[in-house]
Amino acid sequence: MATNEDQNKAPVDQVEHAPAHQETTTHRRDAAAELLGKSGASPEDRVVVTPADNARVLRKIKLVILPLMLFVYFLQGIDKSTLAYASIFGLIEDTGLVGDQYSWLGSVVYLAQLVMQFPLAWLLVKWPVGKFTSCMVAFWGITLSCMAAAAHNFGGLLTARLFLGAFESSVAPAFVGITQMWWRRREQTLRISYWYAMNGFTNMFGSLITYGLGHISSPLKEYQIIFIFFGIITVVFSIIMFLYMPDSPVEAKFLNDHDKLIAIERLRMNQQGVMSREWRWDHFKESILDIKTWCWFSLVFSIS
């Protein structure tokens, strides 16, 4: 327990306790509670977090978790934009797109993302978030590479873009959950802005990269080279993400046991656990009836 002296030394690191109404059944037990139990502490006990401890753990999170998120979100934006880049190099003419077919190729990605949101919410609870997101990144990289073979007619491109949108739809909700899992509430806005800002980097560097790819001498079409290049890069990075993105602070290999406890203590002010594999319909109902959910939906819908 923290003493009065500790509280005076590090007031910025005090955390609020979640209401003491945790479930006691084993299948509902949070991963953080299990780690606390193994360390000999109860979920109600406070782990003292000094400013030095807080800075050390936060620095480790910044050096491991944040770069993975930034580059994946960059790839998500640039992979989604490959259709626009490919159209400059003759995709529309070679595939015989007419009327509004090109527009449908752009829209179907977002339609797939919209349809996939509910099953993704369930899957992100049931499956390990780090491994699940890494697999989805790999699947959309494979899909993008396959677009080189599908780029012969409207039907092939439409199917590939549909699957691309379905797999990419996991990134934003997964990253919101990962951000909440690693950063305090007051730290989250800035971190979300970091990975969301990768859309701007996509616009800046995507055109430069595709310009170079479009001038490679090859039997393949320029747009096929673009699809294959970015698809392979995405698949390779998904392997890196699979190896280094932990499913929760409890399973982070870059943190020792003491740092894991500090990472958990940092999240108590969020009034949330770290990880649970149970889908709670009462939580689902509460979120649907929360006005903040619909404000967030309206915001994302309007900018997308």
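Every residue gets a Cβ built from N, Cα and C, even glycine.
If you look up TrEMBL, you'll see 1-28 marked as region 'Disordered'. Residues annotated as compositional bias 'Basic and acidic residues' in TrEMBL: 14-28. Per TrEMBL, the feature transmembrane segment maps to 63-92, 104-125, 137-156, 162-183, 195-213, 225-245. According to TrEMBL, the domain 'Major facilitator superfamily (MFS) profile' annotation covers 65-304.
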Range from 63-92, 104-125, 195-213, 225-245 with most C-beta pairs under 8 A to the transmembrane segment (137-156): 225-245
Stretch-level contact, the transmembrane segment (225-245) and the transmembrane segment (63-92), CB cutoff 8 A, at least 3 pairs: yes
Long-range neighbours of the transmembrane segment (104-125), counting only residues six or more past its ends (CB under 8 A): 80, 83-84, 97, 132, 154, 157-158, 161-166, 168-170, 173-174, 177, 276-279, 284, 304
